[in-house]
Amino acid sequence: DGCGHTVLGPESGTLASINYPRTSPNSTVCEWEIRVKPGQRVQLKFGDLDIDGSDSCHSSYLRVHNGIGPNRTEIGKYCGFDFQMDGLITSKSNEVTVQFMSGIHTSGRGFLAAYSTTDKSDLITCLDIASHFSEPEFNKYCPAGCVIPFADISGTIPHGYRDSSSLCMAGVHAGVVSNTLGGQINVVISKGIPYYEGSLANNVTSKVGPLSTSLFTFKTSGCYGTLGMESGVIPDSHITSSSILEWPNQTGQVNIWKPENARLKRTGPPWAAFINDEHQWLQIDLNKEKKITGIITTGSTLAEHYYYVSAYRILYSDDAQKWTVYREPGMGKDKIFQGNTELYQEVRNNFIPPIIARFFRINPVKWHQKIAMKVELLGCQFSIGRAPKITLTPPPQNKNDEKNADFMDDFIHSVKTSLQTDKTTFTPEIKNTTVTPSVTKDVALAAVLVPVLVMVFTTLILILVCAWHWRNRKKKTEGTYDLPYWDRAGWWKGMKQFFPTKSTEHEETPVRYSSSEISHLRPREVPKMLQTESAEYAQPLVGGIVGTLHQRSTFKPEEGKEASYADLDPYNSPVQEVYHAYAEPLPVTGPEYATPIIMDMSSHPSTPLGAPSISTFKAAGNQAPPLVGMCNKLLPRTDSTSSAQALYDIPKGQLGPGSADQLVYQVPQSVAHPTVSKDE
């Protein structure tokens, strides 16, 4: 009485203790005898083992034996809370006995284990979930019997399943493996989605699930396209039934729920049988043999008529005369498929292995109020027109005739399903994979053209950028006053007002000649003041050597009518508020040089040649250039009447009066001197 969930398949299965995963009852025992095909061996994997081991596995334990019966030999005895065993237990023959014993205990879930033949090296249990594996894609073998009430899944196809879902139970829900047979699954992990839908498929209910970091889907053959009920590819004349419901409504109009109304997602009434018994059927002619992998059904979809089919059988035929009831391989009875639980929900069932037939018939066995349904078939085209005929020697007539007939049916069905198939020409609605389809020739051609086009456009862009930079660089290398695209003088005059005031720290400032500011300084202080307020541009030479000019040009481009030196007294005019950026050219009509100084050298003592002099010209390095000589006494201008007279040195580089061509005049000196009478 200690046996719990148990499914023993021909190649794999699942077994668990009673009441798992809750605490197992006291003083219970159960034995499982497992047999596989001769020549094969059995491997056992624990999904969970939680047995009280306080008495060293004396009263509560799980024991595994080689063989069955009194000649069996013990492989191992296991107990303990949360016992972990990563490896597999392997038998020496094709038979194994598993024995569970529980004594007096207060806790312990018992155990859940899976088995398979040893050729399934990637065996997992029904408790394994996707988050247990780190690979983005992997293959595993699911044992039979993984539709268990204590495991949950969230999601559906084609969107995927939440990563917390049982892999094998989700595989059954998706139609990838059979619960009675088990099978191989190819899992693909991808990024999760915010919401997972719930649905009913293959007797497994998927629940609604919240956001998860990842999800998984299954790779399949892709033979899950719709076969034409909803789209209308199957004509009305190919949809027939055993009976049709006809009844008048309140207005006296007769309602006929014909078999052609049994198209999934079509508005209006469904097909309904006039008689409600187990002999009613809905038949679909596919026009030729096709590979049928599944079916989707709904109820009436009319709220005022709460009708639906809750269970049905499937029959198929090649000629609509001889019908075969669908059975799972190795099973001696017809398979009953779970139908709808209400009138709106779509319920899917898959055929593993698929059905190869032209005529398809649905036989309801359970219903709610009335037999009414809408249907869609899933599958794909079948490449061979008909399955080959198989001739078998009639078995001897004995009491095993019925078993032999069942064997022949299963054998013929298995031969049909082993034939190669092609995919459907219709767009599949249900897909169990997120893997990108195989690359076609068009994709390969695009893979070559796209990089070439990208390189061509990139080259054009680089050429345009280089041309633009070259054009700008050429503009910068043009002459300062050679502006080819606009009026030079007008443009310069408009832009002068926006130039910032030049800093005295980095730029030179013009010298201001003011007699009143210089007259009160001592002779030695004049050079310091003049050097502090350095000239922005080199002062023009009155006469002398051109090499003493500053490196900057003293002339600017010609402009409009402006004040010139001819209009102002270059020495007595007040200080100007706005200075030109360049020295103004001397007017042709005005005097080229300042008024010459007339000095009486008779009253001046001679000065040595090496005496220092004060100059208004600033040499490189902010040092005043040395002069050849200077005079101690100066004569005032002949026409000056001011008490503060501007006095001048004798010409630079001369011991006395010399030629006017060689005169370079110095800054006025504010030194006291005796008054000299004007020479007539």
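Cβ coordinates come from backbone N, Cα and C, glycine included.
According to TrEMBL, the protein carries these features:
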DOMAIN    3-118  domain 'CUB'
DISULFID  Cys3-Cys30  disulfide bond
DOMAIN    142-216  domain 'LCCL'
DOMAIN    223-380  domain 'F5/8 type C'
TRANSMEM  443-468  transmembrane segment
Checklist entry - Can you tell me the mean pLDDT for the domain 'LCCL' (142-216)? => result 94
Next on the checklist: Neighbour count, 10 Å Cβ-Cβ cut-off, for Cys30 (disulfide bond): what number do you get?
Outcome noted: 19
Checklist outcome for this item: Helix, strand and coil residue totals from DSSP for the domain 'LCCL' (142-216) stand at 8 helix, 31 strand, 36 coil
Checklist entry - In the domain 'CUB' (3-118), how many residues does DSSP put in helix, strand and coil? => result 0 helix, 61 strand, 55 coil
